[in-house]
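Student: Could you have a look at this structure, given as structure tokens, before my questions?
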Amino acid sequence: MVTLTKEASQVRDALLARGLETPLRGEVLDNEVRKRLIAEHMTEIMTLLNLDLTDDSLAETPHRIAKMYVEEIFAGLDYANFPKITVIENKMKVDEMVTVRDITLTSTCEHHFVIIDGKATVSYIPKHCVIGLSKINRIVQFFAQRPQVQERLTQQIMLALQTLLGTNNVAVSIDAVHYCVKARGIRDATSTTTITSLGGLFKSSQNTRQEFLRAVTHYNG
């Protein structure tokens, strides 16, 4: 069994305590076993769709999908894949807003298993420590690599950063296109969904909140 890093355990425990963890079963199967079983079930699904799996183009598709699910687009279900985090003492006493904009993300709608394609803006006001900027992107990507709803994804990113940085002063906004809306159902090709989660001063201070929302508006503009 893989031993989780301290940071991964802290984030997982914080999400569980707040009821924000992705719904997961307790049983954890070995990755190779999961890939084998997923491939078997995908073979059955494709056969029920009347696809000919003896065709060269389709023969390996169940195995490709299984590998993609376990190792790539759903890798964020396994905290062993939580990014290595570098937290640095705030020796410079930075106390102004730090913002990372235009963080690209691709996730999967947990209702229809189709794409959520979006961008995130993340801000925080440092307290005792700061985080390597690329780590913010990696945390966004980790939680995006799960079956998701956008509301939970936004809150998971915020709570993870609050936990790691030791401050409530974190804000996250995600603007995304949902292919469950674009490619099926109503087939609206132009609508986007924006979800914002605010913590600490971003929620209690009107000036801080407006500064963050201006950063989001600047990106959207």
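Each residue, glycine too, has its Cβ placed from N, Cα and C.
Feature table excerpt (Swiss-Prot):
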{"type": "BINDING", "residues": "C109, H112, C180", "note": "Zn(2+) binding site"}
Student: Could you find out if DSSP has C180 (Zn(2+) binding site) as helix, strand or coil?
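Tutor: The residue in question, C180 (Zn(2+) binding site), is helix (DSSP, three-state).
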Student: For H112 (Zn(2+) binding site), which DSSP three-state class applies?
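Tutor: Assignment for H112 (Zn(2+) binding site) reads coil.
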Student: Including all protein chains displayed, how many Cβ atoms other than that of C180 (Zn(2+) binding site) lie within 10 Å of its Cβ?
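Tutor: The answer is 17.
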Student: Most Cβ neighbours within 10 Å: which of the binding-site residues C109, H112 is it?
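Tutor: Output for this query is C109.
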